[in-house]
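Here is the structure we will look at.
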Amino acid sequence: MTAIPTPYEDLLRTIRDEGAHKDDRTGTGTTSLFGQQIRYNLQEGFPLLTTKKVHFHSVVGELLWFLRGDSNVRWLQDNNIRIWNEWADEDGELGPVYGVQWRSWPTPDGRHIDQISRALEMLKNNPDSRRNIVSAWNVSELENMALPPCHLLFQLYVADGKLSCQLYQRSADMFLGVPFNIASYALLTHMFAQQADLEVGEFIWTGGDCHIYDNHTEQVDEQLSRAARPYPTLELNKAASLFDYTFEDIAVSNYDPHPLIRGKVAV
């Protein structure tokens, strides 16, 4: 039987065993390594972790919310997703966070750039471009964001008819956040590929400060004691456009994870 690749779990173990102890903004404390990378071949399954259950409905909903260009948590709440509640103000606003920058990056002359539409257009018309980058790190608006972007930039790359995506994440909560981010950007890669009539290639995750919070150490030990199971298969109905996907278009089959492991979010 072919061994199941476990690049996330391998990195999690390395950070646990070899990381440096650091203080952090939240006051929780972390064990951390800098400048790490994980690679997944998207042809070999959808990288939704099996060593613990990942709430795929929330992964899908957050990505659809980003693609809407939304900055308010109400749409998420209406779809039973509460992962952004801790950072929202009393009106549900988060400021010009991910979706706003993706879909409506402001220019000095008052225009707005739809980076997602531009990225898809480039895949179709100039797939060999080395400039196909989407950034959420708008320095001029960071102070107005409830939380500066952690996963802040991704680049798209086409070779042999296959689309690969590399994400850079400056701050990586390895236990809670990163499993979610891996699934989200893998899904986005599939969506871009489908809309551009490409196959999927690799998803490459690159992390800056890759950390395990001190209050997640027992959960990490539990997760690393579990044997990985086969990855599920993504079922993706082709929508009329990249912005027309709904929950009903996106599902995973044969997802058989170990049970959920809960952990407290550091705010």
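Yeah, the Cβs are placed from backbone N, Cα and C, and that goes for glycine too.
The following features are taken from Swiss-Prot:
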{"type": "ACT_SITE", "residues": "CYS150", "note": "active site, nucleophile"}
{"type": "BINDING", "residues": "ARG25, ARG130, ARG131, ARG170, SER171, ALA172, ASP173, ASN181, HIS211, ILE212, TYR213", "note": "dUMP binding site"}
{"type": "BINDING", "residues": "HIS55, ASP173, ALA266", "note": "(6R)-5,10-methylene-5,6,7,8-tetrahydrofolate binding site"}
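Taking a C-beta cut-off of under 8 angstroms and a sequence separation of 6 or more, SER171 (dUMP binding site) has the following same-chain neighbours: CYS150, GLY208, ASP209, HIS211. HIS211 (dUMP binding site) falls within a strand when secondary structure is assigned with DSSP. HIS55 ((6R)-5,10-methylene-5,6,7,8-tetrahydrofolate binding site) and ARG131 (dUMP binding site) are 33 Å apart (CA-CA, integer value). Rounded to the nearest whole angstrom, the C-alpha distance between TYR213 (dUMP binding site) and HIS55 ((6R)-5,10-methylene-5,6,7,8-tetrahydrofolate binding site) is 20. In this structure, the CA atom of HIS55 ((6R)-5,10-methylene-5,6,7,8-tetrahydrofolate binding site) is 27 Å away from the CA atom of ARG25 (dUMP binding site). Residue with the densest Cβ environment among the binding-site residues ARG25, ARG131, HIS211: HIS211, by other Cβ atoms within 10 Å. The binding-site residues in question are HIS55, ASP173, and the one with the fewest Cβ neighbours inside 10 Å is HIS55.
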